[in-house]
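Report on the structure given below.
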Amino acid sequence: MAILKLIHGLVIFALFSFDVSVAHPGFGFGWGSNGPNIGRTFSSSGLFPQFYQFSCPQADEIVMTVLEKAIARDPRMAASLLRLHFHDCFVQGCDASILLDDSATIRSEKNANPNKNSIKGFQVIDEIKAKLEQACPQTVSCADILALAARGSTMLSGGPSWELPLGRRDSRTASLNGANTNIPAPNSTIQNLLNMFQRKGLNQEDLVSLSGGHTIGVARCTTFKQRLYNQNGNNQPDETLERSYYYGLRSICPPRGGDNNISPLDLASPARFDNTYFKLILWGKSLLTSDQVLLNGNVGRTGQLVKAYAEDESLFFEQFAKSMVNMGNIQPLTGINGEIRKNCHVIN
């Protein structure tokens, strides 16, 4: 009898061990990827890559299928979805608060200055959520959808993949004030950037590598107009701007009006996730003040990191993957906290 109990215990232990340490890299990681699978980092906050392995094993395939079609229709959508994840995590953690609409109890973060008239990608998130609700009702959180969409968008744009800790739950609150104060502004000084990232538990490597997400996407004239006409309050342009690039930007962004005109953040390869962004900084052809101060801010090691990533794309990819995991670990709701929203725009 004792032998039978021992065998039974060993079987249970073996099954349990398989469940938590299975070598599967997180329900299909790498599917649809044209970048290396790197950044194998696990969360210290209760998240783990195999979270949906049994409850919704097809989740990643569903996400990637929707993303492939959406990005094929509009290559800029990849940058929009990556930005959604950033702007969510920096407010009150990675909890999908950015997706909530105005209601009797919610003041939507969509109306915050960094988001108003510029944040996009909600329809793609809605399509992913609808398909996941059909396949696995009330299982995959909106917060995890944002994280998966950001990773998938990076991969489909030619960037790296990473093993993504999952298990976030959705908030029942939003913070308009937090969105106005915690999301780094395009005219931030290097010290402001370092302080804002440090408050979220992120370091200089995270700041510079995550800024490299600007290798895809565009920005509105209103975010860089100051650099062209009044950078230091003296009605003069930013002296770090390369002259031909400066004149090109002036043609897009006039002194008056045109605030919603757009320019690529990476003029050389705006739809390709690569390290050209860092090369452009070195050449004085970065679009935003917050990009250029990484090199010229003369604080810490940010300038050295810009040069290192400009020289070695694989180094940038490796650190970007690690930093995306770090950012995705900011104050997630887990366990019994929060909820799994049926509709990402409203609380249940």
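Cβ atoms are placed via backbone N, Cα and C, with glycine included.
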Can you sort out which of CYS94, CYS136, CYS142 is the disulfide partner TrEMBL gives for CYS344?
CYS142
Pick out which of CYS136, CYS221, CYS253 TrEMBL lists as the disulfide partner of CYS56.
CYS136
Chain-internal residues near CYS344 (disulfide bond), provided their CB is under 8 angstroms and they sit 6+ positions away:
ALA96, LEU99, ILE125, ASP126, LYS129, CYS142, ILE145, ASP170
Rounded to a whole number, how many Å is the Cα of CYS89 (disulfide bond) away from the Cα of CYS136 (disulfide bond)?
25
Any same-chain residues 6+ apart from CYS94 (disulfide bond) with CB under 8 Å of its CB? Would you list them in sequence order, or say none?
HIS85, ASP88, ALA143, LEU146, ALA147, ARG168, MET327, GLY328, ASN329, ILE330, GLN331, PRO332
Within 10 Å of the Cβ of CYS253 (disulfide bond), how many other Cβ atoms can be counted across all chains shown?
22
